[in-house]
């Protein structure tokens, strides 16, 4: 009987994915003392040159979490592939790294088997984009493999839909059919095609999805960063699905400590928090589009005009398009800061978690990244949806149409090729968010309470995580 165990986590080299992998690792270690060590395999990629430094900063005070850096491969996929089809880039990166990953896992397993302690490697926890490793590493080394879905359960429903659709239509999605409604499993409503992830409309990225989607069925189990109370419909769907692995709702998995931007100084944080301290409760709208979300100068000017028109208090984190770091004030309309003096603050980086937790924040104009979505729900802050990339349109559709927890600003922003969102559109959404959303605000607050209860002893996510841990040790006892 195995008394203690080790897990090996394999995230893709992206800060958002690394963050939630490490947060989940911390939770597992805190929940069960029999989990002796969790090793994070850190892949090297030109697309995320600071991934290792970032990961080390997250585990600095965690002696039971180890980082195992893999050496850079000699022939990474071309970087222009990452820029035009990031899903295809990541899938190719994992394939090229597979021999290194297999060697590293083999070495860890061998060291445990040859050691004097009773610790054994119980399994692999793989990022959704690493699911080829279920067969190529897990099965080869006789290790149970679990896929960790860093997005929501409806995304898993989309992955279930793709192979069925591909058998009928063996090509990428077509934007000219944007209003065609798709019967995606796990959704209450049929989804207009235009709200699907933009990669599905790109031939190279679509081929990556077609590779990834069927492999979920090969896993021992699927861990989802969501919770039953937020997504009862898809979790119920998967619980009744035959010939499919068990799905564990283990979220929300959050980091409630802010990660500073490399260029951020303490004075920026102090200025932002100090300004918020002086604002009335729930009076400020926060605009922030994530680490990769940016807008061009004409769009900045439309947002500025809308904020002037609405007249509400605001905190606006600006990242402009382009390779050169721009001072936010350089792209604002002339005289804007003078006209909004006292009721608006513009910054580059913002401490998002601390901002969303602040009593002054009454609404969040967001890109709808899943980490940001969970943070806003955790702190009971309603959202206006402005998706920018990846699966964010699907998240926006979920929040607005499926759950009634958000205001639609422009749910199909990516599908509409980033066309200019007008001052009037933005103003309408901000007004609805700040002035007309009492019922929505109440629903979001109720979901914040549900998120906390899910993580308590006896809560839905706590019980699901316990089932996952029990399965690990059951497998380990038969090794």
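Every residue, even glycine, has its Cβ placed from backbone N, Cα and C.
These figures come from a predicted structure and were not determined experimentally.
As given in Swiss-Prot:
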{"type": "ACT_SITE", "residues": "17", "note": "active site, proton acceptor"}
{"type": "ACT_SITE", "residues": "127", "note": "active site, charge relay"}
{"type": "BINDING", "residues": "17, 390", "note": "anthocyanidin binding site"}
{"type": "BINDING", "residues": "150, 350, 352, 367, 370, 371, 372, 375, 391, 392", "note": "UDP-alpha-D-glucose binding site"}
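Sequence features annotated in Swiss-Prot and their locations in the structure.
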residue	record	Cβ neighbours (10 Å)
17	active site, proton acceptor	22
127	active site, charge relay	24
150	UDP-alpha-D-glucose binding site	25
352	UDP-alpha-D-glucose binding site	21
370	UDP-alpha-D-glucose binding site	24
372	UDP-alpha-D-glucose binding site	24
390	anthocyanidin binding site	23
391	UDP-alpha-D-glucose binding site	23
Mapped DSSP class for residue 390 (anthocyanidin binding site), helix or strand or coil: coil
Distance in Å spanning the most remote Cα pair of 150, 350, 352, 367, 370, 371, 372, 375, 391, 392, given for UDP-alpha-D-glucose: 23
Spatially closest candidate among 127, 370, 372, the listed recorded positions, to residue 390 (anthocyanidin binding site) (Cα to Cα): 370
Nearest-integer angstrom distance between the alpha carbons (Cα) of residue 127 (active site, charge relay) and residue 391 (UDP-alpha-D-glucose binding site): 15
The residue listed as 'active site, proton acceptor' - helix vs strand vs coil (DSSP): helix
Alpha-carbon spacing, residue 352 (UDP-alpha-D-glucose binding site) to residue 17 (active site, proton acceptor), which is rounded to whole Å: 17
Integer Å distance between the CA atoms belonging to the residue listed as 'active site, proton acceptor' and residue 370 (UDP-alpha-D-glucose binding site): 10
Alpha-carbon spacing, residue 17 (active site, proton acceptor) to residue 150 (UDP-alpha-D-glucose binding site), which is rounded to whole Å: 7
